[in-house]
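Record features, source Swiss-Prot:
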type	residues	note
TOPO_DOM	1-623	topological domain 'Cytoplasmic'
DOMAIN	3-176	domain 'Miro 1'
BINDING	12-19, 61-63, 115-118	GTP 1 binding site
BINDING	205, 207, 209, 216	Ca(2+) 1 binding site
DOMAIN	320-355	domain 'EF-hand 2'
BINDING	333, 335, 337, 344	Ca(2+) 2 binding site
DOMAIN	436-601	domain 'Miro 2'
BINDING	445-452, 481-485, 550-553	GTP 2 binding site
């Protein structure tokens with residue numbers, strides 16, 4: 001993006017008027033008999049309304065008698081203002097100056113300025129002064145030979161003609177560089193510029209009909225430039241594109257369609273015209289409004305805004321984030337069936353780098369709620385983004401920007417309070433939770449205990465008898481309604497072959513709100529796996545636990561281990577295992593609600609606390625009200641006694 005300060009080095013042969021140009025710019029008038037070389041002159045941003053103008057511009061005058069000093073200044077320059085005034089100084093542009101710049105390895109723009117234009121007359125002097133077109137016979141050879149020459153301009157320090165314009169062109173070459181946009185050799189916009197403009201067209205096409213109608217053009221104009229487009233200019237754009245349609249340059253492309261609007265190719269052609277005519281600041285105005293940097297990538301500061309997330313806190317979507325995601329879903333659900341099919345999903349993500357890697361890793365859409373055809377529903381769409389935000393909020397902020405979120409992306413997320421800890425019997429345990437709506441549950445158990453079926457049932461899918469062992473981690477996310485119509489989101493994770501390694505990793509366990517310890521109640525060897533895990537991993541006992549006896553629709557078997565499940569949970573002062581079957585929907589609902597309860601009240605589900613010291617939720621507000629009431633009554637009674645006492649005497 002624009003630098004705070006840019007350095008403009010003015011070069012050229014002796015006598016071309018370098019110093020006079022600087023003085024004419026600063027003083028607004030011609031002053032004769034100047035000193036040979038001026039010290040650096042700093043010009044602040046006080047005349048430009050553009051937010052992309054540099055804060056300060058430093059003009060460096062040069063003395064040709066000290067070539068080493070010139071070289072030092074050139075190596076620190078951001079742009080070169082190269083001045084000539086006659087035939088001899090013009091010839092030295094290509095024979096000396098441009099060769100010198102290249103020998104120094106400079107890769108900065110050069111603004112070529114023909115000074116002292118007041119000395120040249122033609123049959124029409126006014127015409128000569130106003131002729132600043134690039135087709136000038138002196139400029140074209142230079143532009144063709146040296147790609148580093150950004151633009152050319154005629155000026156006169158004596159009459160102050162186009163001195164300000166020359167200075168602006170120096171600033172513009174940095175604030176609105178043409179090199180990222182236009183390939184002079186090919187004579188066309190660069191692919192990266194076409195890609196950026198195509199994305200902007202896509203985001204601006206609100207009704208997704210492939211055209212920018214008048215209202216959409218007006219909205220784009222207001223977003224980019226803060227004002228409505230003039231109707232005459234809009235009609236001129238339409239006529240220009242209509243004339244170009246079927247021209248030699250665009251033989252088979254429709255650029256503008258009467259009654260519909262600009263096509264994507266027409267929008268790109270319009271911006272090509274802007275760059276060819278030296279109006280590329282207009283194109284940059286459009287690009288900058290969509291947060292593109294000079295490298296034509298979206299600014300990282302916009303994609304990944306600084307969000308302060310305290311340790312043991314989590315990140316969730318805010319109401320603005322949810323609202324935007326609902327609107328996006330509705331916008332691209334073109335058949336209004338309440339789900340996004342493959343085509344609609346592909347179209348939705350056209351303005352992004354594609355599906356997030358996290359979604360691919362979690363096997364989206366198998367990770368969330370889909371309809372009978374396997375298409376993600378609105379419920380599943382919101383659940384997937386909820387999980388994404390919880391696991392890696394930076395993915396969410398970046399993709400919301402890609403999808404067209406207009407505000408600061410950090411407004412789409414909110415930070416929960418840090419997890420609080422309390423102490424009982426010398427042990428720390430997690431305090432109750434009041435402000436979180438998203439919880440993370442690790443589903444643990446022996447192979448073939450029914451974990452995968454549990455995840456499938458959580459997403460509302462039909463039970464399958466077929467067994468397929470889980471190798472890679474799996475995840476499922478859905479919303480859960482608890483008593484009082486309160487809605488929470490629950491993430492269930494199954495780890496497959498990585499299970500033991502993850503359970504031995506303190507940092508991974510810290511991410512877990514509840515351990516769902518499952519066993520197959522019809523397999524006598526299943527519960528012993530959990531006993532062994534808890535024996536070998538003491539750290540697991542610091543996390544809230546819910547025991548679950550799966551496959552409860554099958555015959556219950558005595559477990560071949562030291563403790564039976566009910567006995568073991570009694571030793572931990574925990575509830576007996578819930579008996580759950582993937583074919584019993586009521587038991588599933590009971591389990592998911594219990595996991596949410598354990599997340600909200602972790603102290604009650606942490607192993608090892610006897611019932612008499614189980615942490616309870618204290619209604620502090622009631623206590624405060626009660627205490628205040630007692631205090632008020634005491635004060636009132638005391639006051640009345642004091643008032644009545646003299647009367648009694």
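Backbone N, Cα and C define each Cβ position, glycine as well.
Counting only same-chain residues at least 6 apart in sequence, those with a Cβ under 8 Å from the Cβ of residue 63 (GTP 1 binding site) are 36, 37, 69, 70.
Ranking the binding-site residues 118, 207, 216, 448, 451 by Cα distance from residue 335 (Ca(2+) 2 binding site) puts 207 first. Separating the Cα atoms of residue 116 (GTP 1 binding site) and residue 205 (Ca(2+) 1 binding site) is a whole-number distance of 49 Å. Taking the Cα of residue 209 (Ca(2+) 1 binding site) as the reference point, the closest of the binding-site residues 337, 344, 448, 482 is 344.
The helix, strand and coil residue counts that DSSP assigns across the domain 'EF-hand 2' (320-355) are 23 helix, 2 strand, 11 coil. The CA atom of residue 451 (GTP 2 binding site) is located 32 Å away from the CA atom of residue 344 (Ca(2+) 2 binding site).
Neighbour density for residue 209 (Ca(2+) 1 binding site): within 10 A of its CB lie 11 other CB atoms from the protein chains shown. The Cβ of residue 482 (GTP 2 binding site) has 488, 593, 596, 597 as same-chain neighbours under 8 Å, each 6 or more residues away in sequence.
Averaged across the domain 'Miro 1' (3-176), pLDDT in this predicted model comes to 87.
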